[in-house]
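Q: Here it is: the structure, laid out below.
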Amino acid sequence: MEVKEYFELYPLNFYPYLVPPLKSCLTPHPACNVGLDHSNTTAYWMEISDYFCFLALPVIMLFAIVTEVICIMVLARQIRMSLDTYLLGLSISTILLILTTTVLGLQHYIGQNDYIVYLQGYAISCRDWFWYTSIWLIVMMSFERALTVSSSTTTILCTSTQAGVVVVMVFCVGLVSALPRFWEYQAQDGYDYSNNSTVLISKKTESTMTVEYNTMYFWYVKIITMFLPYTMMLATSITLSCKTRQSTIMKRYSSVKHSNALTLNRKIKEEVTLSKLLILLIVTYILFTTPMCLLDLLGYMTPHWISPTSRIYASLYNLFTVLFYLQYALQLIIYFCYNKQFRLTLLGICCCCC
């Protein structure tokens, strides 16, 4: 008896992307052409990987939404320094990012819906907006922390109010960077040859199909989401690692009068822990987002090596998408372990509820 080497993806082999990539069409429907090569076959490992991602992605995103809501509740109660304000802004941008992504991938689970098709063009624009915002909030809070620990004094360089202004500015800059996306997709009628009927799908507009626009905007996005933030994150991580050593912090606090050695040790321990929190956020972000960013970059620059029209590209895209959103499900754990005030506030809320 002959064993089949390949079999088709279930349920949507014609549109295998769980979260639509930036292709010519966003709607999972046979009338939506995403440029997938019809000669591609689905290998066994691709089928298993895609089905795992199909089940894992909604679970991870639901868990991330719940944990981010908890983070917002806790951080809104404990704002006492600039880092709390930055973390609150990060949690808000994260939950909005996840909600807009949910709109993009929802039709894989509930079927075709015209209302969602109308929203897809706006959802992908807002998704990019909140993604840019979350990246640069991590960069800005790490940069501000690096300046603080590098200072020769223990003076606070940024208050919570000033940090709030920075958060608003980052949201505004993220919106400006994502503005072209708002005109990139719109709901249009597509023809379904299998049923000889028209269907509503979200497609790219003709004005944004030019090579010049796509090339310039692609590299702009790569600069603000990969090259520049990664460089700054690595630089601030090295600075935080060097400046939060025990001997270095002791020199900063040597000129400050403390009531006793216990107070001094507590301050030093808090400084080290907060720096570890930011280093861990940076490392987590880089580890969980680099595969997705590199896949997109390689698919654009070296299509002869890994083509965006290949079936293996789609399977890797789904796998790296799950990995990308997994980082947001871990933020509550990171805050709880490396932020004492966050931990105490959360425990206080839990005790009040009980």
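Glycine too: its Cβ is placed from the backbone N, Cα and C atoms.
Below are the features listed in TrEMBL for this protein:
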DOMAIN    65-335  domain 'G-protein coupled receptors family 1 profile'
TRANSMEM  54-75  transmembrane segment
TRANSMEM  87-109  transmembrane segment
TRANSMEM  129-147  transmembrane segment
TRANSMEM  154-179  transmembrane segment
TRANSMEM  217-242  transmembrane segment
TRANSMEM  277-300  transmembrane segment
TRANSMEM  312-338  transmembrane segment
Q: Between the transmembrane segment (87-109) and the transmembrane segment (217-242), are there at least three Cβ pairs closer than 8 Å, leaving out pairs fewer than 6 positions apart?
A: no
Q: As a test of reading the model: what is the averaged pLDDT for the domain 'G-protein coupled receptors family 1 profile' (65-335)?
A: 87
Q: Of the stretches 217-242, 277-300, 312-338, which racks up the most C-beta pairs under 8 Å with the transmembrane segment (129-147)?
A: 217-242
Q: What parts of the chain pack near the transmembrane segment (312-338), using Cβ distances under 8 Å and only residues at least 6 beyond its ends?
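A: Sequence-distant neighbours of the transmembrane segment (312-338): 16-19, 21, 36, 43, 45-46, 49-50, 53-54, 56-57, 60-61, 63-64, 67-68, 70-71, 74, 87, 90-91, 94, 97-98, 101, 273-274, 276-277, 280-281, 284-285, 287-289, 291-292, 295, 299, 306, 346.
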